Structure formats: C-alpha cells, structure tokens
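Input: a single structure, listed below in structure tokens.
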Amino acid sequence: MAKAKFERSKPHVNVGTIGHVDHGKTTLTAAISHVLAKTYGGEAKDFSQIDNAPEERERGITINTSHIEYDTPSRHYAHVDCPGHADYVKNMITGAAQMDGAILVVASTDGPMPQTREHILLSRQVGVPFIIVFMNKCDMVDDAELLELVEMEVRELLSEYDFPGDDLPVIQGSALKALEGEPEWEAKILELAAALDSYIPEPERDIDKPFLMPIEDVFSISGRGTVVTGRVERGIVRVGDEVEIVGIRTTTKTTCTGVEMFRKLLDEGRAGENCGILLRGTKRDDVERGQVLSKPGSINPHTTFESEVYVLSKEEGGRHTPFFKGYRPQFYFRTTDVTGTIELPEGVEMVMPGDNIKMKVTLICPIAMDEGLRFAIREGGRTVGAGVVAKIFA
C-alpha cells in the first residue's frame, strides 16, 4: 500500500496510552494502528516495533517512548506509548510528549491497580485535559456484571481526581483479539477512534493563544531604544501592540514599536519565531533575561506553587544522595534560574534520586507562570530534577 503523505489540512491531535503495567497499553496501541490502517489507510505498526521503544533524552533525562501516527477520516493523531512505568512518570512531568487527551487502559480481568491510580493523579497534576477509558481483555470475562463493576470502579476513581467520571467514554474491548483480526473486537477499536474524534476537542494552536515571549537578551540600540530578543512561545505580536513585561520585578507596560528577524523589519512576530522586539520608552536596565513579554493581563507573576517533580537518578547525572526538607536549589524557568525553598508532603522526610514527588515551592522572586509550566531543578548549573507547576498558590 502506498504511504499516505502527511496531511497538513487535517487537525493534528496528540494522544497517548496510560495505565497499569501489563494491562495491554502497547497491544492496544498496535491494535489501533492496525485497525485504522486497514479501515482508513496508512501504515500499520507491529507490537514489536512499538514495544522496542527508542531512548530519547529530554532535558538530560533518559526516556523510552514510542511515537506512532494514525488517521481517522477527520483527524491526524500522534500517539505516544511508553514501555515502563518510570518512563511514563518522566514523560508526563517533563512534557516530552504533551497530550491533548489520554487513553486509560484498564484490564477488566484486574480492575484498577496502583499504577492506574498513579497515572490518573499524574494526568491531573500535569494537566492532561481529557481521558477516555479502554477496558481491555473483555474477551476473558464472561460475566457481564463483573464488567459493569470494573467500569463503575474506574469511573469512581476518575471522579476522585476531578475528571468527569460519570460522563467520559468507556469502551469495552480486547486489543489482542482486534489485533488478531476478529471483526467484533475490531469494531470496538473503531468505537474508540470515534470517541477520540468526538470527545477530545480540537486543541487550540499556539498561534491562537495570547502572545508570550520569554526574554533571552536585552540590547540598547542608540537612537532607537531597547530591543529584547527571544523565541515567541505563543501568539502573535504586531507593531503598535501594547505588551507587558512580567516577572522578577513589578509588572510594567510598554508598546512594541518594531519587530525584526534576521536583521529585517517585520510587521509581526509569530509563535515559533526568534525575533527582536523594540520597546518604546523602555530603558536597558528596566528589562532582564528571565522576564517575559506578554499580552497585557494574560499571565501573572507568582512565587508559591505546588509541583509534581521527578528527581534524576545518579545514572542520569543527578544527585548521588537524597535531599531533605529545607533544600534550596535553583528552579530554571524558560530562560533563568531562581532560587527557591521546598516543602515536602506530610510524613515525607527525604527524597531519593529516581523518585517522583509532589512538593510545594516558594521562589525568592516572582516568575510569570501558568499551571502546566515546566521547569528544571538545578544545582550549580547541573540539572538534578524536572517539574511541572500543578497548582498556583500566590
């Protein structure tokens, strides 16, 4: 079959499988790939290709992940699957694979297990917006009441973590039987694909979000004023737009009087572009690296937040020893390090390299942040952890 060319015209959605070890996440990933390729065209990936996940390094952390792509008539999906539990934890915290929605795989022979709960909690902490449930191995359960019981249990567990447990789609199927080509189970995979299409809304593109550019450098150009440079993270800035300088100091307002890229003057700077922004009436000393330029009112500076953190293992170049409460590392946000103190959850005395942990952080100066912002934890310029802002306090 001819390889379909990448369709730019279709909306692109990022999804992934989550759930307990051996509940069939990778088998389901292979089944989706096969059934959709068979039904709508495209390339099918085998279980072994997906299971043999290549190693990637994201911010110095080694993660094994498999990326596959598939299509429904209305959308193009990029799907990520991880072989090991630790890979999921790292993947979700570093945001190596941002998900617009997740497929929670639960074996109906087991029901929810410890990692099922942990993955749901992580999804909540890192801001995965939508979850669809695939109850797997239903061919091995003869008792309809038992299936109903497992479904209820999963729905309750999701509600416990503030997902709409009563309303989200639950599909009962068998990934293995679908992969073996049994029509009644293949139909369940198509039902899952239809649920992805209808339940996960089309993600807002970066360019449609409010303007934000982390400031990397500040220059003074005689006769013209102050230029800040950086890569536009989201949105568009146009000449004449009012912008705010947020973080580290008191927020100030100014106007963008010029945008340049590769020494050419432009009318606007867009998400993904590296540009220089000329600011009206701003002195060289009024701005510094680590602040952000943003659409007024779209982002605020904060100092205290709850985060979910993965602490690098010794093998990953992290610490060799645990840390305790009162630990004061640097927190690296976007372009700069800020010192902060940590508070560990009640009953937790120390954190070992390789652990993931929820912690409350208080920074010594405010940083422009939203929930979902990723950061690194560093000691003397060396990364020892990765985290995500889960909840802002102040």
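Glycine is treated like the rest: Cβ placed from N, Cα and C.
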Worksheet item: Looking at the ranges 136-139, 232-235, 336-339, which is given as region 'G4' in Swiss-Prot?
Response: 136-139
Worksheet, complete the sentence: Here Swiss-Prot annotates region 'G1', and of 19-26, 315-322 the range meant is 19-26
Worksheet item: According to Swiss-Prot, which stretch among 60-64, 260-264, 290-294, 355-359 corresponds to the feature region 'G2'?
Response: 60-64
Worksheet item: With Swiss-Prot as the source, which of 5-8, 81-84, 165-168, 381-384 is set down as region 'G3'?
Response: 81-84
Response to the item:
Here the binding-site residues are Lys25, His85; the one whose Cβ sees the most other Cβ atoms within 10 Å is Lys25
Worksheet item: Within the chain of Thr26 (Mg(2+) binding site), which residues six or more apart in sequence place their C-beta under 8 angstroms from its C-beta?
Response: Thr17, Phe47, Ile50, Asp51, Ser66, Asp81, Pro83
Discussion item. Taking 10 A as the limit, how many CB atoms besides its own sit near the CB of Cys138 (GTP binding site)?
Written reply: 23
Fill in: Tertiary contacts of the region 'G4' (136-139) (same chain, 6+ residues out, Cβ under 8 Å)
23-24, 27-28, 105-109, 147, 172-177, 185
